[in-house]
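Heads up, the thing below is written out as C-alpha cells.
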Amino acid sequence: MSERKVLNKYYPPDFDPAKIPKLKLPKDRQYVVRLMAPFNMRCKTCGEYIYKGKKFNARKETVMNELYMGLPIFRFYIKCTRCLAEITFKTDPENTDYAMEHGATRNFQAEKLLEEEEKKITRDREEEELNNPMKVLENRTRDSKMEMEVLENLQELKELNQRQASVDFEGMLGTYKELEQRTKEREKEEDERETREMLERALVKRLRDSDSDSDQESESSNRPKKPSTDRPTDILTTDRLTDPQGLSVGGVKKAKVESWERSVGGLGGGGALGTLVVRKKPVTSVPKPGTTVTPAGSNTQTVSKAAATVPAEATKPITAQNGSSSLSLLGAYSDSDDSNNSE
C-alpha cells in the first residue's frame, strides 16, 4: 500500500527542465477568490450597509507599479449585494490594513483618521528639525512654555477649590463619633429588649406548664378509684345487689363477666351453655328441725338474702369472704333437692 502514496516521479536520465515551455500569462491577470469584507462600508450608489465579515466571490489582481518594501499590493473587486455596483479596495501593508479605493465609503474611521493626522504632524516636525537646528530650539522653548502654562492652570484650579471648600474636619469627626455612639446605644437597647421578651415568654410558658400539671393532678385526685380484684377468679363472681360504690351488700366485689360471656356465652338465651344446663325452679325451702342453724351474723345474713333473692343464677359459682356463708349455701342446695324428691 505504500506505493500508492509515493509523490516522487520518475525522471529519465536525459531530462532537461530548460526545454519545458513556459506559460505566457499577463502579469495583471485576475483570479476569483472567496473573501470576507475587511471593514464596514456603505455603498455610494444605493446606500446599502455592508458589515464586516460579509462573504463575497471577489476578483483579485496584482496592482502594477506599486510595491511596499518589495511586497506586492493586491486589489479586490466585489459587487454590492443590493444594486450590484462594483466596489474596489486594496491591501495596505504599511498600516497592516486595507484601503478603500472607490464605490463605497468606510464607516467608523474617525479614530483612524485622527491617528493618521497625528502621525503626519509628527513626521513633518521631524523633517523640519532634521536640517534646521534653530527650529529645534524654538520647538523645545514652545513645549516648555506650554508645560509651564498647564502647571499654572492646574495650581490655580487647586487654590480655587481650596478657597471655595470650607470643610470643618473636626466637626465632621465629632458628628461621626456621635452618630456611631448613638448607633451603639440603639443596638444595646434592642438587645436588652429582645432578651427581656425572651425571658417573659419562657416564664409564661413555665407558668402554663405548671398550671396544666396541677390541673391534671387535681383531676386525677378527684376521679374515683376503681376497685381492683384481689384474685384472678373474682371476675367470674356476680352479685346484683350492689351499692353505688360498686360493692355488694355482703362486701363482695362486683363481678365483671363481659369478657367471659363474650368468649364462652351466657347461661341464658340461645348461648351454647344454655342448652346444656337446666335451671332449677325456685322453691321456698323450709328449714328442717334437724338442720343446724348458723349463728346470726352479718356475713351469714347477707349470703342467705342473696341466695333467696337470686334463684335464677344458682348454677353460677358464688364465692364468699368466709367459709360459713359457703356452708349455708350448700345447706340450701341440699334442702332444695330434698324438697324436690319429696314432691
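Placement of Cβ uses the backbone N, Cα and C atoms for every residue, glycine included.
From a predicted model like this one, the values you see are computed outputs, not experimental measurements.
The annotation Zn(2+) binding site is assigned in TrEMBL to Cys43, Cys46, Cys80, Cys83. Within the same chain, residues at least 6 positions away in sequence whose Cβ sits under 8 Å from that of Cys43 (Zn(2+) binding site) are Ile50, Cys80, Arg82, Cys83, Ala85, Ile87, Gly103, Ala104.
Residues annotated as compositional bias 'Basic and acidic residues' in TrEMBL: 177-211. In the compositional bias 'Basic and acidic residues' (177-211), helix, strand and coil residues by DSSP number 35 helix, 0 strand, 0 coil.
As annotated by TrEMBL, compositional bias 'Polar residues' applies to 291-302.
Residues or ranges marked as compositional bias 'Low complexity' by TrEMBL: 324-334.
What TrEMBL lists as region 'Disordered' is 171-256 (among others).
The region 'Disordered' annotation in TrEMBL covers 283-302 (among others).
Among the features that TrEMBL reports, region 'Disordered' is placed at 314-343 (among others).
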Most Cβ neighbours within 10 Å, among the binding-site residues Cys80, Cys83, goes to Cys80
Starting from the Cβ centroid of Cys43, Cys46, Cys80, Cys83, the recorded Zn(2+) site, name every other residue in that chain with its Cβ within 8 Å, sequence order please. Lys44, Thr45, Gly47, Glu48, Thr81, Arg82, Leu84, Ala85
